[in-house]
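> Can you keep this structure in mind? I'll have questions shortly.
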Amino acid sequence: MSGEREHDPYGTAEPYISPAAIEAVRAAEWVTVFSGAGMSAESGIPTFRDAQTGLWERFDPAQLATPEAWSGDPALVWGWYQWRARLVRDTEPNAGHRALTALAADRSVLVVTQNVDDLHERAGNEVVAHLHGSLFAPRCSHCETPYRGVDADPDNAVEQVRVEPPTCPICLSPVRPGVVWFGEALPGDAWTRAEQAIAAAQVVIVVGTSGIVYPAASLPERAAGAGIPVIEVNPVASALDDVVAHRIAAPAGVGLPALVRAVAERP
């Protein structure tokens, strides 16, 4: 970590936040948040690498999230993503999401996320880019037309391993999940919006990401290289440890509310 390694000198339950980090956010009119799986985990959404349960416990997520898996068995892949979307629908935004909404009351707070859920949106956060796509944005596998049919709604999905995907009304090809699979490029428009949000930020807050997935992880690195203060909220060290200026050693649902409370206090 390029800044000081922060710790709680008093042993209190509240995570230690350096005065410099608090002042950086307090003075900022434009904050960009870069979020990863740890942001959603506290809502009960398993991270991608967590063990699967129920019907899916015998399947490897890394084997399902590929173009090859889709080509070989579209019904299996569609069924798995419908199951994941139902998991999200059964969860609610956590205290970290709500803290970002509160922070946005006095400044612009834009979110660039690696997550494919919609918890940021449901909390009222302004999401400018889903770098890895969204579970709730299916599209045609051939012509890429967005698909909004009720048969793609996870609430209507059948609880089984293989579910035949809907058919595109334009070209009659199968509709695919709206996520980025291993080996696929990130969406160009989302990447451009993410770059713009990072470049325009006065502070970047990185939440719940391992910092090992590229090119997404290059965004906070780029911010730090441009002299923008980067604050990391993570209970464990990440690959970005040498990049961030300040680290709040806490999960999103604890660290972000603590940061927002500290920023709101009169100096």
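Cβ coordinates come from backbone N, Cα and C, glycine included.
No curator has checked TrEMBL annotations; they are predicted automatically.
The active site, proton acceptor annotation in TrEMBL covers H132. Residues or ranges marked as substrate binding site in TrEMBL: Y81, R84. The feature NAD(+) binding site is assigned by TrEMBL to Q114, N115, V116, D117, G208, T209, S210, N234, P235, V236, A252. TrEMBL lists C140, C143, C168, C171 with the feature Zn(2+) binding site. Residues or ranges marked as domain 'Deacetylase sirtuin-type' by TrEMBL: 6-267.
I'm curious about the neighbourhood of these features; can you describe it?
According to DSSP, H132 (active site, proton acceptor) is assigned to coil rather than to any helix or strand.
Cβ-based neighbour count (10 Å, all protein chains) for R84 (substrate binding site) stands at 23.
Classification of G208 (NAD(+) binding site) by DSSP places it in coil, neither helical nor stranded. In sequence order, S35, G36, A37, G38, M39, S40, A41, G96, V233, N234, P251, A252 are the residues near G208 (NAD(+) binding site), counting only same-chain partners six or more apart with C-beta under 8 A.
Cβ neighbours within 10 Å of C140 (Zn(2+) binding site), excluding its own Cβ and spanning all shown chains: 20. The secondary structure of C140 (Zn(2+) binding site), as reduced to three states from DSSP, is extended strand.
Model confidence over the domain 'Deacetylase sirtuin-type' (6-267) stands at 93, taken as the mean pLDDT rounded to a whole number.
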> For the binding-site residues listed here (Q114, S210), which one has the lowest count of neighbouring CB atoms within 10 Å of its own CB?
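So among Q114, S210, the binding-site residues given, the one with the fewest Cβ atoms within 10 Å is S210.
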> Could you tell me which of these binding-site residues, V116, C143, C168, C171, A252, has the greatest number of Cβ atoms within 10 Å of its own Cβ?
A252
> Which residues, in sequence order, are found in the same chain with Cβ within 8 Å of the centroid defined by the Cβ atoms of C140, C143, C168, C171 at the Zn(2+) site, excluding those residues themselves?
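What remains near the Cβ centre is S141, H142, E144, T145, P169, I170, L172, S173, V175.
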